[in-house]
Amino acid sequence: MGSSDIRIPIQFSSTFSSSTSNVSGGSNMIEQEVGDQSDADDDDYDDIEEGLAVNDEKLVQKVDTIVDILQNFGSNGPEAKLKLEQCDVPASSELVVEVLSRVRNDWAAAFTFFLWAGKQPGYTHSVREYHSMISILGKMRKFDTAWALIDEMRGGKTGPSLVTPQTLLIMIRKYCAVHDVGKAINTFYALKRFKFTIGIEEFQDLLCALCRYKNVEDAEHLLFCNEKVFPFNTKSFNIVLNGWCNMIVNLREAKRFWREMGRREIARDAVSYSSMISCYSKASNLNDVLKLFNQMKELGIAPDKKVYNAVIYALAKGKLVKEACNLLKTMEEKGFKPDVVTYNSLIKPLCKARRIDEARLAFDEMLQRGLSPSIRTYHAFFSILRTGEEVFELLGKMKKTGCPPTNDTYIMLIRKFCRWRQIENVFKLWNEMGENGLSPDRSSYIVLVHGLFLNGKLEEASKYYEEMKEKGFLPEPKTDEMLQAWVTSKQIAVPQKVDLKDNQVHHCHCPLIKNTSTSSNASVHERDFRKQPETRKVTREKGFSFWEH
């Protein structure tokens, strides 16, 4: 297939426009797709509520007003606070949820807004708003502040408590995300202090959180150590098996744990088989995929939709597209209706193999069935685009079909444009993120900074890296080293200017060089609470903490 044949792979047949208009919802569902290796830092498992499907134009205007005020909070926090106090926007639950979703990656702006909203007449934070704010704080490692909000939710000795098991589960997940397994486990046992029961379901939630963020070895150890308290069952083992298969994607460990299930006589079900089949398919081991699939039938274990999706993915990845399509028909005959995950299991490997026509046909068939493409459907097609025009065309189609781009979409495309050395398009995407209500996260900044640096845009890279740290994101060691090397070489290359009167040497200004002559500014920096670790005294008991009164 020549390059002329793949000029615009996103120009699908007329069914694109006719079918998508009748499709609604579904595109924002959290998918655990076969063939997609999960990333522990993405937002798929986030507890921050996604932006609401807001149809009220007045509410949209109010949200935009608040977000505009908070847009440049990092560079001018006091002015933003003043503008919030002066604005006439009344607080409401819908407003708070939407604003927090929009500014989730700037914890200081989000927390300032949250505190402001809580003081407005006629409004009181509900559990939903507290959970969104706690999740933002946890993601930015402001755990003491998050616990202070949980303490506030308890309502004192007289008021009703708003704390739920979900509140503590958010904290467990955030500790797992930063691999602080000890505090995650301590928070799990803190359920008792809040007078919640700790049963097998709560234990499985802990295992899920550990595995989701790749702490699978710890989850397995915890599972085996608690046999007497939480008796073994298939679901608990499936959680850890799925961790090895789909989070870590370690076939050797997955096979070891699979044998361990057999040794301990833990019954394997369709979920167990789907995890192993998925792992084998990611390892391009089609023979073992088919062997397990046939073994299921021999043992009388009926394949579920996830198993079919996993095998379809493996067949398509192994270039057996006809067989994959036949299995899709068999799946339907067995009473399992193909969904967007099923079609993504076809489309992604086809795109990766650059079998564009077949990927298009699968896409068109999906639309004819009334299925809405998911973010991963579009990501598969983005991976094969070759020009900036095609990229922006597909971005436009995403918005029209009700599947707006996410931070991950922009990260993928910024990388692509940086490789193509199309810096104008990089900045165009960066600006478009804000226009679409997305605030850049740490990963977005690091990808942008690296891309600019590798394209020789060193001043811009330095500026955005400083902006990233200004927002409270943790510095990235490799980026620090990279930019510091540039700063050092620049300092050596630029001639030093000597004042003969007082023999003082003046260096060029650079945001990464600390200048001892600006001690007054340094003291201001030290007073900036957003740039300092939390130092307020806390009472710590059994692994969690509260502000000292």
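Backbone N, Cα and C atoms are what each Cβ position is placed from, and that goes for glycine too.
Predicted automatically and left uncurated, TrEMBL annotations should be read as such.
Annotation comment: TrEMBL describes 16-28 as compositional bias 'Low complexity'.
Positions annotated as compositional bias 'Acidic residues' by TrEMBL: 33-46.
If you look up TrEMBL, you'll see 524-549 marked as compositional bias 'Basic and acidic residues'.
As annotated by TrEMBL, region 'Disordered' applies to 16-46 (among others).
The region 'Disordered' annotation in TrEMBL covers 518-549 (among others).
Secondary structure of the repeat 'PPR' (126-160), assigned with DSSP and counted as helix (H, G, I), strand (E, B) and coil, comes to 24 helix, 0 strand, 11 coil. Taken from TrEMBL, the feature repeat 'PPR' covers 126-160 (among others).
Summarising the annotation, TrEMBL assigns repeat 'PPR' to 233-268 (among others). Long-range contacts of the repeat 'PPR' (233-268) within its own chain (CB-CB distance under 8 A, at least 6 residues past either end) are made by residues 32, 37-38, 40, 200, 203-204, 207-208, 210-212, 214, 216, 219-220, 223, 275-276, 278-280, 282-283, 285, 301.
Residues or ranges marked as repeat 'PPR' by TrEMBL: 269-303 (among others). For the repeat 'PPR' (269-303), the list of distant contacts is 34-35, 37, 234-235, 237-238, 241-242, 244-246, 249, 251, 254, 258, 261, 309-311, 313-315, 317-318, 320, 334: same-chain residues at least six beyond its ends, Cβ to Cβ under 8 Å.
Taking H, G and I as helix, E and B as strand and the rest as coil, DSSP gives the repeat 'PPR' (304-338) the counts 26 helix, 0 strand, 9 coil. Residues or ranges marked as repeat 'PPR' by TrEMBL: 304-338 (among others).
Taken from TrEMBL, the feature repeat 'PPR' applies to 339-373 (among others).
Sequence-distant contacts of the repeat 'PPR' (406-440) (same chain, at least 6 residues past either end, Cβ-Cβ under 8 Å): 39, 42-43, 51, 67, 71, 101-106, 375, 378-379, 382-383, 385, 388, 391, 395, 398-399, 447-448, 450-452, 454-455, 457. Taken from TrEMBL, the feature repeat 'PPR' applies to 406-440 (among others).
Each residue in the repeat 'PPR' (441-475) gets a DSSP state, and the totals come to 26 helix, 0 strand, 9 coil. Per TrEMBL, repeat 'PPR' is recorded for 441-475 (among others).
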Is it possible to list how many residues within the repeat 'PPR' (233-268) are helical, extended or coil according to DSSP?
27 helix, 0 strand, 9 coil
